[in-house]
Structure formats: structure tokens, C-alpha cells
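J.: For reference, TrEMBL lists these features for the protein:
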DOMAIN    5-153  domain 'Phosphomannose isomerase type I catalytic'
BINDING   GLN109, HIS111, GLU136, HIS275  Zn(2+) binding site
DOMAIN    169-256  domain 'Phosphomannose isomerase type I helical insertion'
ACT_SITE  ARG294  active site
DOMAIN    336-376  domain 'Phosphomannose isomerase type I C-terminal'
Amino acid sequence: FPPAVFPLSCAVQNYSWGKVGLESEVAKLVASSDPLAQIQPDQPYAELWMGTHPRGDAVIRDNRISQKTLGQWIADNPACLGAKVKDAFQGQLPFLFKVLSVNTALSIQAHPNKELAVKLHAQFPEHYPDANHKPEMAIALTPFEGLCGFRPVEEIVSFLQNVPELRALIGEVAAEQLERSGSNDPRGVSAALRVCFTRLMKSEKKFFVDQLNMLVKRISQEAAEGKDTSGSNGDLLLRLHSQYPGDIGCFTIYFLNLVRLEPGEAMFLGANEPHAYLYGDCVECMACSDNTVRAGLTPKFIDVLTLCEMLNYTPAPSSSKIFPAAQSQLDPSVYLYDPPVPDFAIMRIEIPASIKLYLVSAVDSASILLVIQGTAVGTSTAAASEMTLRRGSVLFISANESISLHLSSPDGMLLFRACCLL
């Protein structure tokens with residue numbers, strides 16, 4: 001039998017928003033797992049891709065395997081996915097697992113549902129490269145910040161009253177419509193919110209740049225005088241404006257929740273949920289797709305009309321955006337993040353220092369295992385030889401295979417495992 005459990009060497013993406021050099025968790029993981037890796041101190045290390053995506057197919061680190069990449073290996077050995085996964089996802093690994101290190105904000109974006117993805121891909125294949133949906137989940141490795149979902153209406157109304165530049169862009173009619181919308185009429189609220197947000201996003205470039213400059217000047221002066229600018233969300237405004245001067249995305253902070261995650265906390269981004277990561281390091285898992293509809297905080301192609309049409313205009317507090325992990329009944333070391341989509345789930349495995357032998361149990365799905373902390377020697381009947389696991393190591397585990405970890409680190413281990421639980 002060819003080995004069905006093997007180490008991977010994974011692709012790094014050097015997007016400009018990434019943390020630089022060894023500030024980046026991505027760079028630290030790469031440097032720790034590969035002693036020969038050269039980390040450039042002035043280069044951004046934004047994403048580590050663990051999966052079979054054609055722009056970053058993982059390389060197999062086992063010279064007994066003839067296939068070079070994980071994508072090729074799965075194509076030749078589709079049973080490794082597990083019978084259910086293989087049938088449900090046409091012989092493809094259904095998820096892409098990542099680590100992100102965010103230094104400056106990512107674009108304001110949302111991902112289409114299946115139905116819209118099919119339509120966008122047919123109409124504009126150069127901007128929407130596939131016909132799949134792209135739900136995502138992010139789990140913080142360090143304190144992590146992002147914008148996610150529409151704020152409660154009372155918060156937005158308060159900004160409309162405190163930020164005259166915002167009100168000028170939206171216009172008096174739309175602002176009053178939102179102020180009058182009652183909590184007993186959620187459809188009316190969503191409709192008013194849609195009008196306000198669309199007015200903002202479609203405002204004339206020259207007009208919004210003037211308003212933004214006025215706002216930034218006013219907040220800067222107030223901050224210099226030691227005044228409290230929180231009523232205008234001043235700190236975040238100045239920060240985003242310094243990263244993307246003159247960008248309409250700066251105004252979205254008045255509509256979207258600021259969500260702060262502590263390590264181990266997660267957010268799930270379903271279809272049509274507006275979001276933008278702002279700062280920090282996380283592991284992320286998503287369905288296999290590149291479909292992103294963008295509308296600000298980016299130099300890339302922006303599609304304001306599609307974005308404003310597709311968004312979920314349901315206001316909710318930022319606390320509701322934190323997705324809970326469930327501790328496993330069978331194994332107290334495992335915390336499961338199981339989102340409301342079939343494509344993926346993530347396990348956080350915290351092995352305490354007291355445990356010296358730990359079994360990574362078999363699941364009925366191919367999975368990818370990432371080591372964040374600790375060291376161990378891994379053995380498996382499905383592996384060609386024993387495998388040294390350390391910070392940054394990534395293993396592919398075929399369906400229904402298990403691994404015994406012989407821990408050698410004094411402080412236990414922290415692992416994340418992405419799989420598909422149908």
C-alpha cells in the first residue's frame with residue numbers, strides 16, 4: 001500500500017496586507033517547520049494555503065510517493081477522501097485550510113451563495129473564477145479584529161447623528177427612513193438599511209473624498225485636543241484612512257460590527273455576510289472557491305452593484321458573530337467548530353502537558369492537521385515511517401486513518417485539524 005498519511009510543504013502567499021518578516025505567524029510557522037526556509041525581513045507573509053487549490057497545491061514530502069502534489073495524489077487515490085465526501089464533492093477535497101497574518105485591512109467583501117455564484121461565473125468568469133459558494137470560518141491564533149455583519153440599527157443611527165459627513169453622503173431622506181424604521185418591522189429595517197448602505201457605496205467619488213477628508217481632518221483635530229472621538233469611531237477611522245486614503249471603505253465602519261476575537265474564538269462568515277479582516281493572526285477554513293465580491297479598502301476590481309444587491313441586511317450585535325466551539329464528549333482535548341455548511345469543520349486539539357501519548361482519531365473524511373505548538377513523533381500504520389511533528393508541521397491524513405503522537409514537549413501541544421463531517 002502507498003502511504004496514506006504524509007507530511008506536506010504548503011504554499012505561502014505574499015499579499016501586500018500581510019504581516020512582514022518574522023512578525024508574521026505564517027512566516028514563523030514556515031521557519032519553524034523548515035530549517036532551510038529563508039524568511040525575508042521586509043517581505044509580507046500573508047497566507048499559508050493547506051490544500052489542493054491550483055494556485056497553491058501542497059507539495060508531498062515523502063519520497064516514496066510518486067505524485068508531487070496533494071491535488072495529484074487525491075486525483076489518483078480519491079478513496080482517501082472517504083466514501084461520503086468523495087461522492088458529495090465529485091472526488092475533490094471540499095475545503096481549503098489556511099493561516100492568515102493580517103497587518104492592514106483586507107477589502108470589504110462578501111461571498112455569494114451557490115445560486116449567485118453560478119450566475120456571476122457565467123456572466124463574468126474573469127472576475128468570478130468558479131461556480132461555488134465560499135463560506136469561511138476564522139479562528140483567532142492571536143487577538144484578532146474584523147468587521148462583520150451589520151450593526152444594530154441604534155448604533156448606526158447614533159453614527160448618523162454624530163457624523164455629519166456620513167449623513168451628507170447618505171442623504172436626509174434615507175437617514176430619516178432608517179431613524180423611523182421600528183424594531184417591530186424587521187423587513188422595513190432591512191429595506192431602510194439597504195437604501196442607506198447602497199447610497200453610501202454608490203456616492204460620487206469626488207463627493208465622498210471631500211466628505212472623508214473633512215471627517216478625517218475634524219477627527220484628527222478633536223483627537224489632538226484630547227477629545228473623545230468614540231462617537232465618530234475615530235480611532236478606527238484614522239487607522240483605515242492611513243492604510244487606504246480616500247477609500248469609500250473607510251465609511252463602512254459606521255455600518256458594520258467591529259468584532260474582536262481572543263485566541264480560540266471564531267467567527268463564521270456565511271453567504272452574503274459583509275466582512276473585512278483588520279488585524280491579527282488566525283487559522284481559516286473555507287469551501288473551495290475564489291469568489292469574492294469586493295467594494296472597498298482595496299485596489300482590486302470592485303463590484304458595488306452586485307455587493308449591495310446580495311448582502312444580508314440583518315442587523316445584529318457584534319457578540320452574536322462569535323461562533324462557539326463544542327468540547328467533545330469523547331475526547332476532552334478536542335473542541336469542534338462545526339459551521340452550518342457541509343463543506344468543512346475544524347477541530348482545535350489542546351493536548352495537556354500531562355499526556356505523553358495521544359491518539360489523533362480516525363474520521364470518515366480526509367483531513368489536514370496543523371501543529372501550532374509543541375513537538376511529537378507521529379506514527380501510523382498508514383505512514384511509511386515515523387514523522388517528526390513540530391510547530392508549523394502539516395500532515396495529510398486519509399479518511400479512517402489515525403495517528404499516535406508521542407509527545408516530547410514539556411507544555412503539551414496545540415493542533416488544528418480541518419475535515420469534512422457529512
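Note that the numbers count up from 1, one per residue, in the order the chain is shown.
Using N, Cα and C of the backbone, Cβ positions are placed for all residues, glycine too.
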J.: Within the same chain, and leaving aside GLN109, HIS111, GLU136, HIS275, name every residue whose CB is within 8 angstroms of the centroid of the CB atoms belonging to the recorded Zn(2+) site, in sequence order.
T.: ALA110, LYS134, LEU269, GLU273, PRO274, THR292
J.: Could you put numbers on the helix, strand and coil content of the domain 'Phosphomannose isomerase type I catalytic' (5-153), residue by residue per DSSP?
T.: 40 helix, 43 strand, 66 coil
J.: Please report the Cα separation of GLU136 (Zn(2+) binding site) and the residue listed as 'active site' in Å, rounded to an integer.
T.: 16
J.: When the domain 'Phosphomannose isomerase type I helical insertion' (169-256) is classified with DSSP, how many of its residues are helical, how many are strand and how many are coil?
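T.: For the domain 'Phosphomannose isomerase type I helical insertion' (169-256), the helix, strand and coil counts are 67 helix, 1 strand, 20 coil.
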J.: Please list residues from the chain of ARG294 (active site) whose Cβ is under 8 angstroms from its Cβ, counting only those at least six apart in sequence.
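T.: For ARG294 (active site), the qualifying residues are SER107, ILE108, GLN109, LYS300, PHE301, ILE302, ASP303, LEU307.
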J.: Looking only at the domain 'Phosphomannose isomerase type I C-terminal' (336-376), what is the mean pLDDT?
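T.: Overall, the domain 'Phosphomannose isomerase type I C-terminal' (336-376) comes to a mean pLDDT of 98.
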J.: Just how many other Cβ atoms lie inside 10 Å of the Cβ on GLN109 (Zn(2+) binding site)?
T.: 25
J.: Ten-angstrom check, please: count other Cβ atoms within 10 Å of the Cβ of HIS275 (Zn(2+) binding site), all chains counted.
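T.: Around the Cβ of HIS275 (Zn(2+) binding site), 23 other Cβ atoms lie within 10 Å.
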J.: Since the record lists HIS111, GLU136 as binding-site residues, which of them has the fewest other Cβ atoms within 10 Å of its Cβ?
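T.: Across HIS111, GLU136, these binding-site residues, the one with fewest Cβ atoms within 10 Å is GLU136.
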